[in-house]
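The structure under discussion appears below in the form of structure tokens.
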Amino acid sequence: MKNNTRFTLIVVGVLFHLLYLWSIFDIYFISPLVHGMEQKISTNNPPAKRLFLIVGDGLRADTTFDKITHPVTKKADYLAPFIRSLVQNNATYGISHTRMPTESRPGHVAMIAGFYEDVSAVTKGWKENPVDFDSFFNQTAHTYSFGSPDILPMFKDGASDPNKVDAWMYGHEYEDFTQSSIELDAYVFRHLDQLFKNSSTDKELDKQIRQDGNAFFLHLLGCDTAGHSYRPYSAEYYDNVIYIDKQVEKLVKQVEEFFGDNDTAFIFTADHGMSAFGSHGDGHPNNTRTPLVAWGAGLNRPVRLDTPEFDEYTENWNLANIKRNDVKQADIAALMSYLIGTNYPANSVGELPLAYIEGSEGQKLEALLNNAESILEQYRVKENEVINSQFVYKIYPKFAEKSPTEYLKEIKELIKKIENGEESLEPEAIRLTEELMKVTLEGLHYLTTYNWRFIRTIVTFGFLGWICYSFMIFLKLFILNNSQTTHPSILNISIFTSLGLILNYILFYQKSPLNFYLYLIFPLFFWSKIFSNTAIIRDGVNEFFKGISKAESVIIGLTIISIYEGIVYGFFHRWILSLILVSFAFYPLVCGVTDLFTNLLWILTSVGLSSFTLLDAVKIENLQQIQVAGILIVLSSAYAVMRLSQDISKYTQHLLSIQIFLVSGMLHFTSKSVISLQKREGLPAFAQVGGWAILVISLTIMPFLHYLKPNNNYQVRLLTIYLTFAPSFIILSISFEALFYFIFTAYIVQWLQIEKNIKVLKDEQKSDSNGIQLLRVAIIGFFLQQIAFFGTGNVASISSFSLDSVYRLLPVFDPFPMGALLMLKLIIPYVLLSCGLGIMNIQLDIKDYTISSLIISTSDILSLNFFYLLKTEGSWLDIGVTISNYCLAILSSLFMLILEIVGHQLLKNVTRATSSQKKTN
């Protein structure tokens, strides 16, 4: 019966955490996507016949315009002189501000569809998930696209007529991070050139290319690839920018010669930027600021300023005398639609940037009004959806003060006056139209979040219910040893059945998605069980805290609150975690451990471990640190084998020696790979094969050989696990991570011995406060759960895990295997901790899963904290941090649920024996 209860807890816990992990995307980041709108044409008099959209994937704004010293030639110059000359003489320019996640799919969707996908869109992939809403390409006469197979199929396969979009793509094998990235962009220009040449012998193709309303999309992946491989301050990245600039210059001349009409509009921009460490995804300004340069038919020339405008970011651009016009990334879709006179994309929320448009105020006003009405149409459709799903509907307050009809009436009255000669009213009409757009966009957000309060209440009761339910199971199984099933009373069944029916009807009436019903199931289940077991909770709490005075209870309570709050703040400021670790350095003394060597070694290890949360989580490759860590792992393992030689058989000694040899071998192959890649000589085949061979042998064959003749000494088992994962951690380390692995393991080993000593001390004193030790171990274990991540990672950037280490195994871009390797690196410290907690159960002579069950019951206090700390407004860096915090908090709980099972299997039949272990094992 006890096993059934444990199994139920684990299954329910895994399902609960997986589902509630997604709840923030259903509540805070739901897509305002609606269908059934009447589309609005941008203008009846398009200024351009065709448009070229040139996207430098991963190109930063500052790199485009700054004067930069090339790391090889040492020459200081502008990397893009032609684009710069356009800014100075022919173009309007600015910064296009992207939103998070700063990834390729959301960035391209924003600029081409004018629509910000919800944050979860980054998980959809690319080719397999074409965009499921209207786009600028969908509205063109025909689109010719060239570039990456990760981007082009989204819009080709997602078009209303796939034949409307042609795509020329290279194979995935081109995306080799160890080769020149320029070839990726050369492919694009080469195939565009071939298209023009083919048209000279194909009249039908020539006619199609020359028709009005066409778009040409050039996706240039080179900068992104070079940035990931060598960083955005590398010669490779700079050379790629130089190459793009030269090719754009050739392209402009080629287009002018081919069409010969000067009716082509050009847009040059990027989908996202690149961090200093070669990553993107988060809301750091280096990732969200991209260049936007627009020139050609229908586009303004530069506006020169009498008084130069300076700011810290652009001061080195030397463009202070030219007006900079910043836009939101979605505004680009509206601009492109206007330039060739297509409909605004149905779901576009982009605002037409008037500063970029050449033309009269009247023409601008017409296009802007159509833009506003297109967005207003989305609001009306969304409002009808909400009205039809509410018992009572409260109109958006700003539209209650002044309705959309009143706005439109006022604008159209101004237009009539303008047509009658009162041209001075044009700025007022434009201002009012822009105000209507702004209020409409705010109204869309209001409608999208209309049911927030109700569903957030359900989720809150779900978290509180899980905390109480899991703590109740802990008390029942491990404190009271009560495995009997308590059946709910008729009153309990009646109350929760009635409540469930009422809440389900509300969800049904509101036309809620299926997930909302699933969110409701959990709080109903949890609280039904809690109210059926109030006696167990009361008796369990009394037993758990037996022998603890009121004063001690207050001190313990304040300590727990302080640690939990410290952990919450530690998610934002990692140095706080270092302070907590240093404070833990003295707890053995407080608990009565007097051995000087034990205390000194523990203090040194605590200080050493605390240093990792002071280091920059975004790392620069450092082979020396990897080598030092590898040597320490080899020496510590050899020392451990010598110390345990009396307790292990020759068979086990040989296996452990082989594992130490594998660690040395992995260190050798890692060193060869790093040196070769740093010299730009590519990944040596022997190092790649050797790395994979040791990785597979360490993780599969060696554990199997140990399984054939297992040694049940807990120290030997922990050493075996330590050596099993060491090669993986070495090859996946960028700098100090392997050092963390060494010290983190040492910390766990010492912690086990200290708690064992404290238990012996308390048993000698016949102390009746085992609950305090259990609570202390659970709190430290929970804290180490956070250190398992923060020792090498950081939630200030969801992209803080650089791909440098993965190139040593996978030089060609392949997101899923690369992601799997990074996840392996992330999970390994959790596995070590889970094994440590399992051994702690044995050391303290308590039942399996006792400590992890107590940790699981309290860990979601963090999840609930971060659920309410989530931000949907403000800087994208802040928003990204809050999302990452919540995900990490809830995944930590999920990891403990899953990994305690893994840990239990890894520690099967382990005993406390250290000297009685027979060598025949």
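Cβ atoms are placed via backbone N, Cα and C, with glycine included.
A quick note: this is a predicted structure, and the numbers were derived from the prediction, not measured.
Residues or ranges marked as topological domain 'Cytoplasmic' in Swiss-Prot: 1-9 (among others). When averaged over the topological domain 'Cytoplasmic' (1-9), pLDDT in the model lands at 75.
Annotation source Swiss-Prot lists transmembrane segment at 10-30 (among others), citing sequence analysis.
Per Swiss-Prot, the feature topological domain 'Lumenal' maps to 31-457 (among others).
Non-local neighbourhood of ASN90 (N-linked glycosylation site): TRP295, ARG301, PRO302, each in the same chain, at least six residues away, with C-beta under 8 Å from its C-beta. According to its DSSP assignment, ASN90 (N-linked glycosylation site) is coil. Look at Swiss-Prot and you will find ASN90 (among others) tagged as N-linked glycosylation site.
Taken from Swiss-Prot, the feature N-linked glycosylation site covers ASN138 (among others).
A helical conformation is recorded for ASN198 (N-linked glycosylation site) in the three-state DSSP classification. According to Swiss-Prot, the N-linked glycosylation site annotation covers ASN198 (among others), on the basis of sequence analysis.
Positions annotated as N-linked glycosylation site by Swiss-Prot: ASN262 (among others). Neighbours of ASN262 (N-linked glycosylation site), defined as other CB atoms within 10 A of its CB across all chains, total 11.
Taken from Swiss-Prot, the feature N-linked glycosylation site applies to ASN286 (among others). Sequence-distant neighbours of ASN286 (N-linked glycosylation site) (same chain, 6+ apart, CB under 8 A from its CB) are ARG60, ASP62, PRO232, GLY273, MET274, SER275, ALA276.
If you look up Swiss-Prot, you'll see 458-478 (among others) marked as transmembrane segment. If one looks beyond the transmembrane segment (458-478) by at least 6 residues along the same chain, the residues whose Cβ comes under 8 Å of a Cβ in the stretch are 2, 5-6, 9, 13, 16, 20, 23, 27, 503, 516, 519-520, 522-523, 525-527, 529-530, 533, 536-537, 539-541, 543-544, 846-847, 849-850, 853-854, 856-858, 860-861, 863-864, 867.
Annotated topological domain 'Cytoplasmic' per Swiss-Prot: 479-488 (among others), in sequence order, evidence recorded as sequence analysis.
Residues annotated as transmembrane segment in Swiss-Prot: 489-509 (among others).
Residues 19, 22-23, 26, 385, 388-390, 451, 454-455, 458 of the same chain sit 6 or more residues outside the topological domain 'Lumenal' (510-516) yet have a Cβ under 8 Å from a Cβ within it. Residues or ranges marked as topological domain 'Lumenal' by Swiss-Prot: 510-516 (among others).
Summarising the annotation, Swiss-Prot assigns topological domain 'Cytoplasmic' to 538-552 (among others) and lists sequence analysis as the type of evidence.
Sequence-distant neighbours of the transmembrane segment (553-573) (same chain, 6+ residues past either end, Cβ-Cβ under 8 Å): 545, 579-580, 613, 772, 775, 779, 782-783, 786, 790, 795-796, 861-862, 865-866, 881, 885, 888-889. The annotation transmembrane segment is assigned in Swiss-Prot to 553-573 (among others).
The transmembrane segment annotation in Swiss-Prot covers 576-596 (among others) and rests on sequence analysis.
Among residues of the same chain six or more beyond the transmembrane segment (600-620), those with a C-beta under 8 A of the stretch's C-beta atoms are 275-277, 279, 570, 574-575, 577-579, 581-582, 584-586, 588, 734-737, 739-740, 743-744, 746-747, 750, 754, 787, 790-794, 796-797, 800, 802. Look at Swiss-Prot and you will find 600-620 (among others) tagged as transmembrane segment, backed by sequence analysis.
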Rounded to the nearest Å, what's the C-alpha distance separating ASN138 (N-linked glycosylation site) and ASN262 (N-linked glycosylation site)? Just drop the number here, would you?
24
Sparsest-packed of the listed glycosylation sites (ASN198, ASN909) - C-beta count within 10 angstroms:
ASN909
Establish whether the number of Cβ pairs under 8 Å between the transmembrane segment (729-749) and the transmembrane segment (622-642) reaches at least three, counting only pairs separated by 6 or more residues.
yes
In whole Å, how far is ASN198 (N-linked glycosylation site) from ASN262 (N-linked glycosylation site) when you measure between their Cα atoms?
22
For the transmembrane segment (10-30) and the transmembrane segment (622-642), check the count of CB pairs under 8 Å (sequence separation 6 or more) and say whether it reaches 3 or more.
no
If one measures from the C-alpha of ASN909 (N-linked glycosylation site) to the C-alpha of ASN198 (N-linked glycosylation site), what distance in angstrom results, rounded to a whole number?
73
Which of the three DSSP-derived classes (helix, strand, coil) applies to ASN138 (N-linked glycosylation site)?
helix
Per DSSP, what is the helix/strand/coil residue tally across the topological domain 'Cytoplasmic' (706-728)?
18 helix, 1 strand, 4 coil
